[in-house]
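Colleague: I am attaching a structure below and will ask some questions about it afterwards.
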Amino acid sequence: MERFVQFLRRGNGLMAASLAAGSCAEEVAKAEGAGCRDDAAALRLKGVAMATILVAGVVGVGLPLAGRKRRALRTDSAAFVAAKAFAAGVILATGFVHMLHDAEHALSSPCLPAHPWRSFPFPGFVAMSAALATLVLDFLATRFYEGKHRAETERVKAAAAAALAASSASDDDITVVTVTEDDNDNKAPLLQPHSHSHSHPHGHGHGHELAQPEGSGGEGEVPAQVRSVVVSQILEMGIVSHSVIIGLSLGVSRSPCTIRPLVAALSFHQFFEGFALGGCIAQAQFKTLSAAIMACFFAITTPAGIAAGAGVASFYNANSPRALVVEGILDSVSAGILIYMSLVDLIAADFLGGKMTGSTRQQVMAYIALFLGALSMSSLAIWA
């Protein structure tokens, strides 16, 4: 027991030492905008950012949902496939170029002690762990929804079989009246039960068939709709987690020079992330209310983060050791989730899953769109 207490004290001491403030006067000056601090102008720009990012998110996530019945925006159209590939490139670049870089910047800050934060590559390790955790979550969620789908299929089959059995039983109870003539030429009714022989096909078309829910695959096959449900929910989780961080970072800034380029960059980023998420929601065929809730939750997350950041900007110290550690770890987690989702559930699923095996032209367009999306989002790192 004594050793355990000593171990806890030692761990607490190491944690306190790891969060001790380092020498970071230059970092604080840089965060303040190097002479570009203006609280009033920054607050106005935050209002503009909230409105612009909200509109971009609503339009981005709403286009695939509103266009489900329009030929040009259906989920199997060439335009939709190319746009979704572009959005996948944007999300991939967000994870690698933006979130992972921000995590490295936060956890290597001189405001943090060199040990342990600069003695081990925490950003890459945490991102890898988050990607593996997302894989496990993806697997478990797919198994859960697959089980629900299979149970629903069995329920429909059982109901159809019961209806067919009831129909056959009612037919067996029907008696048919026939008329025979006796030797005295007198006609007499004869009641004969009308029964079906179950050893050969039924001759009457009752219209009862064993129905299956739409989108069910073969035995052991995961239906595409089940995968789309899982992908859309995990993708939203990853997007929302880093949207909160981005919103808070912008909200606590007091420098118009820092905020101004972020408005355009985040609007672009929000639009195409929304388009990818909206496409996944459309493919999952959620009910209208569920789709609307998911879309609204995505659209308001970044503006809400900006508002929260603006509210605490007067006393929040973004360069405090605790703030840097939390920001760095959350950025790393978000990077891992986004990298996994973009590579596995968006790019590999569409490019290697057989959806684009028909048209060479469509394949070329999708690859060009993917590379352009990644390049465009990467180039925004110059300003934001």
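Here, residue 1 is simply the first one shown, and the rest follow in order.
In case you wondered, yes, glycine gets a Cβ from its N, Cα and C as well.
So Swiss-Prot says this about it:
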TOPO_DOM  26-46  topological domain 'Extracellular'
TRANSMEM  47-67  transmembrane segment
TOPO_DOM  68-79  topological domain 'Cytoplasmic'
TRANSMEM  80-100  transmembrane segment
TOPO_DOM  101-119  topological domain 'Extracellular'
TRANSMEM  120-140  transmembrane segment
TOPO_DOM  141-227  topological domain 'Cytoplasmic'
REGION    185-222  region 'Disordered'
COMPBIAS  195-205  compositional bias 'Basic residues'
TRANSMEM  228-248  transmembrane segment
TOPO_DOM  249-261  topological domain 'Extracellular'
TRANSMEM  262-282  transmembrane segment
TOPO_DOM  283-291  topological domain 'Cytoplasmic'
TRANSMEM  292-312  transmembrane segment
TOPO_DOM  313-323  topological domain 'Extracellular'
TRANSMEM  324-344  transmembrane segment
TOPO_DOM  345-363  topological domain 'Cytoplasmic'
TRANSMEM  364-384  transmembrane segment
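Are these features on the surface or tucked inside, and what are their neighbours?
Modeller: Distant neighbours of the transmembrane segment (47-67): 73-75, 80, 250, 259, 262-263, 266-268, 270-275, 277-279, 281-282, 291, 295, 298-300, 302-303, 306-307; these residues of the same chain sit at least 6 beyond its ends, with a Cβ under 8 Å from one of its Cβ atoms.
Among residues of the same chain six or more beyond the transmembrane segment (120-140), those with a C-beta under 8 A of the stretch's C-beta atoms are 95, 100, 103-104, 107, 230, 234, 238, 328-329, 331-337, 339-341, 344-345.
Non-local neighbours of the transmembrane segment (228-248) in the same chain are 91, 94, 99, 134, 137-138, 141-142, 145, 266, 270, 273, 276-277, 280-281, 283-286, 294, 297-298, 301-309, 327, 330-331, 333-335, 337-338, 341, 345-346, 349; each lies 6+ residues outside the stretch with a CB under 8 Å from one of its CB atoms.
The DSSP breakdown of the topological domain 'Extracellular' (249-261), given as helix, strand and coil counts, is 10 helix, 0 strand, 3 coil.
If you take every residue in the topological domain 'Cytoplasmic' (283-291) and average the pLDDT, you get 89.
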Colleague: For the topological domain 'Cytoplasmic' (283-291), DSSP counts of helix, strand and coil?
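Modeller: DSSP classes over the topological domain 'Cytoplasmic' (283-291) add up to 6 helix, 0 strand, 3 coil.
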Colleague: Other than its close neighbours in sequence, what residues sit by the transmembrane segment (292-312), given a CB gap under 8 Å and a spacing of at least six beyond its ends?
Modeller: 43, 46, 49-51, 53-54, 57-58, 61-62, 65, 232, 236, 239-240, 243-253, 266, 270, 273-274, 277-278, 281, 286
Colleague: Near the topological domain 'Extracellular' (249-261), which residues from the same chain, at least 6 beyond its ends, have a CB less than 8 A from one of its CBs?
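Modeller: Distant contacts of the topological domain 'Extracellular' (249-261): 31-34, 36-39, 41-42, 45-46, 49, 305-313, 316, 318, 327, 383-384.
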Colleague: Could you put numbers on the helix, strand and coil content of the topological domain 'Extracellular' (313-323), residue by residue per DSSP?
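Modeller: So the counts come to 3 helix, 0 strand, 8 coil.
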